[in-house]
Amino acid sequence: MCLFCVNFMCFYTASQWIPSGLIAVVFSTSTLWNALNARVFFRQKIAGNVMAGGAMGLFGLACLFWPELSGHSASRETLIGLGLALLGTLCFSAGNMLSSLQQKAGLRPLTTNAWGMFYGATILGLYCLLSGTPFTFEWNTRYVGSLLFLVIPGSVIAFTAYLTLVGRMGPERAAYCTVLFPIVALNISTWVEDYQWTPAALLGLVLVMAGNVLVFRKTRPVAVVVGGKLA
């Protein structure tokens, strides 16, 4: 429910109140929330390079989406949208923690994802029925093709690969992917939609890449002197 239901409801509803760029910036805090939650629930030490890299990536995304953010005035609707985006991010982080526990128990991400998507789709379907949201489908190549892309590479493969990283690298490092998602999207937009890179956007790109280096940099063990000898 955390990864395939509640967070989607929060993000899609938040998009009615705030721009997608602001949602991307809020979602990029997953790195920080995963590090904090891993500390609270698993007693894992918070790595300084992960927190610093996550913060750098967050500022980088803010630079990338600054034109969109600066043109959106603060209001009650904005606060509601921010609250929903933050709630969706916290649900996503909780799902990361649960997946980490499941993988430690020997469960495979592909199996848990299948059940999670089934439960999530069922609950979202019931929500749409109760809220009166209409179900629409277009029988054309563009619609069906984009739907298949969203379902297979964008959901089944992407979530399985991501949660595998959660199990192997830890939730805090794997979550830095949420910072890289908008970068990939903007690069595709450069070729497909003629996106124009501004100085602020280029600065943001540099900050995100620098944050990426920090997050995935391996820390060297510190030598301890015991009785005049290195331990």
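Just so it is clear, glycine is given a Cβ too, placed from its N, Cα and C backbone atoms.
TrEMBL does not curate its annotations; it predicts them automatically.
Taken from TrEMBL as is:
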DOMAIN    80-216  domain 'EamA'
TRANSMEM  17-36  transmembrane segment
TRANSMEM  48-67  transmembrane segment
TRANSMEM  79-98  transmembrane segment
TRANSMEM  118-137  transmembrane segment
TRANSMEM  143-167  transmembrane segment
TRANSMEM  174-191  transmembrane segment
TRANSMEM  197-216  transmembrane segment
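Mean pLDDT, taken over the domain 'EamA' (80-216), works out to 87 on the 0 to 100 scale. Long-range contacts of the transmembrane segment (118-137) within its own chain (CB-CB distance under 8 A, at least 6 residues past either end) are made by residues 1, 3-5, 8-9, 143. A Cβ distance under 8 Å defines the sequence-distant neighbours of the transmembrane segment (48-67), meaning residues of its chain 6+ beyond its ends; these are 19, 21-22, 24-25, 28-29, 31-32, 35, 172-173, 175-176, 179, 182-183, 186, 198, 200-201, 203-208, 210-217, 219. When DSSP labels each residue, the domain 'EamA' (80-216) comes out as 114 helix, 0 strand, 23 coil, counted as helix, strand and coil in that order. Long-range neighbours of the transmembrane segment (174-191) within the same chain, counting only residues 6 or more positions beyond its ends whose Cβ lies under 8 Å from a Cβ of the stretch, are 21, 24, 27-28, 30-31, 33-34, 50, 53-54, 57-58, 60-61, 64-65, 93, 96, 162, 165-166, 197, 201, 205, 208, 211-212, 215-216.
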